[in-house]
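If you look up Swiss-Prot, you'll see 29-103 marked as domain 'ACT', on the strength of sequence analysis.
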Amino acid sequence: MADTLGKSELEVIKPQKREIRKGQVRKHIITVKVRNEMGVLARIATLIAGKGYNIEGLSVGETHEKGISRMTIEVIGDDIVIEQVVKQLRRLIDTLKVSDLTDVPHVERELALIKVYTPSSRARDEVLRITEIFRGKVVDVSPDTYTIEVTGDEDKINAMIELLKPFGIKEMARTGKVAMRREMSIKEEENE
């Protein structure tokens with residue numbers, strides 16, 4: 001299926017309108033829509049590493065379109081070099097759409113699973129209270145631990161982790177961000 005896509009079916013993205021300040025280093029959130037082919041992730045990671053940057057976060061998953069995946073990549077870097085990376089990503093053969101969401105309105109979320117020690121009823125009650133405040137949920141229970149699932153933005157997850165640290169975090173798994181441009185942002189761009 002992916003090999004049958006023609007150039008006319010690929011989305012063309014207008015360059016983002018933003019002021020690029022030389023030397024400014026900050027976190028960028030880049031989304032990449034790709035054909036779900038072997039080696040695509042490796043080529044993208046190599047391109048970014050080749051510019052001297054580490055991928056801080058990465059989420060990849062299928063989209064509603066058969067044979068198409070979406071990547072959300074977090075990378076900290078200089079605006080000018082990241083702009084070059086975005087342009088080079090657009091040229092990769094299996095890349096269909098690339099967007100730097102850093103300076104446009106967007107929604108981002110991540111998920112964390114946090115296994116916390118709960119050796120007493122008091123600890124269990126307090127961990128449950130914190131979980132409810134953050135709208136998380138307990139997804140696994142053992143005699144000495146609760147495993148909590150929480151979703152939200154980076155600040156929310158970091159705040160919950162800080163509150164759970166005094167109980168002792170036994171284990172934690174955290175996804176990279178998933179991000180999507182806000183609909184109003186897309187419509188505004190189309191009207192320009």
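Just so you know, glycine gets a Cβ as well, placed from its N, Cα and C.
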TODO: Can you check how the pLDDT averages out over the domain 'ACT' (29-103)?
DONE: 92
- [ ] Could you tell me how many residues in the domain 'ACT' (29-103) are helical, how many are strand and how many are coil under DSSP?
- [x] 24 helix, 32 strand, 19 coil
